[in-house]
Amino acid sequence: MASYQQWTLFVSLLCLVSATMGAPPRKPISVPFGRNYQPTWAFDHIKYFNGGNEIQLHLDKYTGTGFQSKGNYLFGHFHMQIKLVPGDSAGTVTAYYLSSQNAEHDEIDFEFLGNRTGQPYILQTNVFTGGKGDREQRIFLWFDPTAAYHSYSVLWNLYQIVFFVDDIPIRVFKNSKDLGVKFPFNQPMKLYSSLWNADDWATRGGLEKTDWSKAPFIATYKGFHIDGCEASVEAKFCATQGQRWWDQKEFQDLDANQWRRLKWVRQKFTIYNYCTDRVRYPTLPPECKRDRDI
Ligand SMILES: *[C@@H]1O[C@H](CO)[C@@H](O)[C@H](O)[C@H]1NC(C)=O
């Protein structure tokens, strides 16, 4: 008969295994902004702290600002820790996304739509493949994203694109090439982030305007490490394709625990899903077949 000690050891090992399985194993490493990123525009609206390990984007009535990765990447796991604009952020949009820089571009988007003080942010996600987007999903978050840093990440391999919020999958875009849907696989992408005024659409569909007396609006970032396969812009494949951790079996699909969490997000926090919008799409977009069973 197993002793109590053996039993507790067994249980704690079990917990350890189930806690680490499937979840992206790498935690963001602290590196300064300048290692992997550079400002895109309005350089003076980016402020640096703690040796560049932490930055702020400032939006005022003159301009917003943004930054981008120096490198281009084909597949990987891309993290950012963000503390969104606190207080009255109505009309502002903070975005964190991957995008290729050509006409028929691929893009993977997180967009945070601000709100009046005390009203919830919306997180909108979208996926463009071969220049085609219109795949919006919108959720409320289960925490106040302005009170502390939270991690927002994208896992991208040949099998799937997964959006994570604090390691909880909030969206999966499966490779549905077999259904005739393009999947990003041969156009290297850069990472981008920006903060700008979008009060023509962002908050309650544009009804709530930006209150400039509350400016500057400030979003704070850290965690500038990038875990991806770096490639030149023209590269059609990654030199280490298939060999990196994000390519391995356990990252080719969500595990049972992750599916459960995604279902929880679906049931409790989803506001909009293009896959269920029958007015806009009388015929279901093909990739939505893979979205239905969630
Ligand atoms: C802002 O708050 C209102 C009222 O709670 C809500 O209807 C809306 O979805 C929220 N978010 C945005 C970005 O409009």
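In case you wondered, yes, glycine gets a Cβ from its N, Cα and C as well.
Unlike curated records, TrEMBL annotations are generated automatically.
What TrEMBL records for Glu107 is active site, nucleophile. Per TrEMBL, active site, proton donor is recorded for Glu111. Here TrEMBL flags 24-221 as domain 'GH16'. If you look up TrEMBL, you'll see Asn115 marked as N-linked glycosylation site. Under the heading signal peptide, TrEMBL lists 1-22.
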Message: Excluding near sequence neighbours, so keeping only residues 6 or more apart in the same chain, what lies with its CB under 8 A of the residue listed as 'N-linked glycosylation site'?
response: Ser89, Ala90, Tyr121, Ile122, Thr203, Glu208
Listed in sequence order, residues with CB under 8 A of the residue listed as 'active site, proton donor' and six or more positions away: Val93, Thr94, Ala95, Tyr97, Leu123, Gln124, Thr125, Asn126
- request: Mind running the recorded positions Glu107, Glu111, Asn115 against ligand 1 and keeping the ones whose CB falls under 6 Å of it?
  value: Asn115
- request: Would you report the average pLDDT that the model assigns to the domain 'GH16' (24-221)?
  value: 96
- request: Quick one: give me the count of other CB atoms within 10 A of the CB of Glu107 (active site, nucleophile).
  value: 18
